[in-house]
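> Feature table excerpt (TrEMBL):
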type: DOMAIN; residues: 1-91; note: domain 'Fibronectin type-III'
type: DOMAIN; residues: 121-211; note: domain 'Fibronectin type-III'
type: DOMAIN; residues: 238-292; note: domain 'Fibronectin type-III'
type: REGION; residues: 87-115; note: region 'Disordered'
type: REGION; residues: 206-229; note: region 'Disordered'
């Protein structure tokens with residue numbers, strides 16, 4: 001049984017939803033809605049999850065979202081909700097810092113008295129990973145704590161985007177970016193809805209690789225890029241069984257196995273609907289990925 005689908009946070013371009021499962025459990029969930037252009041979107045969600053953040057929405061727009069609980073690929077139960085995204089206010093229009101302010105701290109609160117909590121401090125916003133379509137960011141909080149964070153930037157079309165982040169997080173991956181493009185990221189630490197501190201950084205997404213796609217004869221062959229390993233060297237890692245585990249109109253989930261050795265990381269490459277090469281970096285401990 002699915003119960004209590006509710007909204008926990010809203011911005012002009014995203015919303016966070018939570019739900020409960022008062023009885024039994026589901027193998028997975030599927031969130032379905034129509035985007036601003038009226039196109040159906042489907043977001044697969046792990047069966048252990050009880051929340052999801054929906055990105056890439058349009059401001060001041062009503063969305064009807066349907067959450068399905070699945071068992072064995074079958075839809076067992078459904079809950080729905082209507083939500084209107086936030087308006088684009090002056091704050092959300094990204095008052096980007098001037099050159100002089102880029103590395104300064106926000107001074108939005110008076111110094112705390114002895115009765116108030118110590119002032120929280122944000123430091124070291126840095127880039128941890130880059131692909132043609134995403135940027136990974138990390139930061140530290142050397143003093144105090146924040147209720148939540150807000151990452152703001154402008155997309156390839158110059159539109160402001162705001163990504164809400166849990167207060168316990170110290171990293172985030174920003175998806176849906178354009179290759180070979182410079183982005184300015186501004187991370188705000190919030191208490192309640194008040195911006196207490198901020199740090200900024202810049203990053204350029206990677207150039208798309210030209211994807212030398214395998215020919216028909218090579219599609220199921222193994223790469224032979226290394227000489228045979230000697231007895232004294234490490235066991236050569238082996239990849240096997242790349243297979244599709246689930247399919248929706250807008251995503252594919254893939255699984256694979258590693259019968260021998262291990263890899264530091266993986267790189268999934270494919271061409272999108274416009275024929276443009278895309279690259280998705282994956283943790284070396286993973287054996288599955290959802291391509292959205």
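Using the three backbone atoms N, Cα and C, a Cβ is placed for every residue, glycine included.
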> In the domain 'Fibronectin type-III' (121-211), how many residues does DSSP put in helix, strand and coil?
0 helix, 60 strand, 31 coil
> For the domain 'Fibronectin type-III' (238-292), give the DSSP counts of helix residues, strand residues and coil residues.
0 helix, 39 strand, 16 coil
> Limited to the domain 'Fibronectin type-III' (1-91), I'd like the whole-number average of pLDDT.
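Looking only at the domain 'Fibronectin type-III' (1-91), pLDDT averages out to 85.
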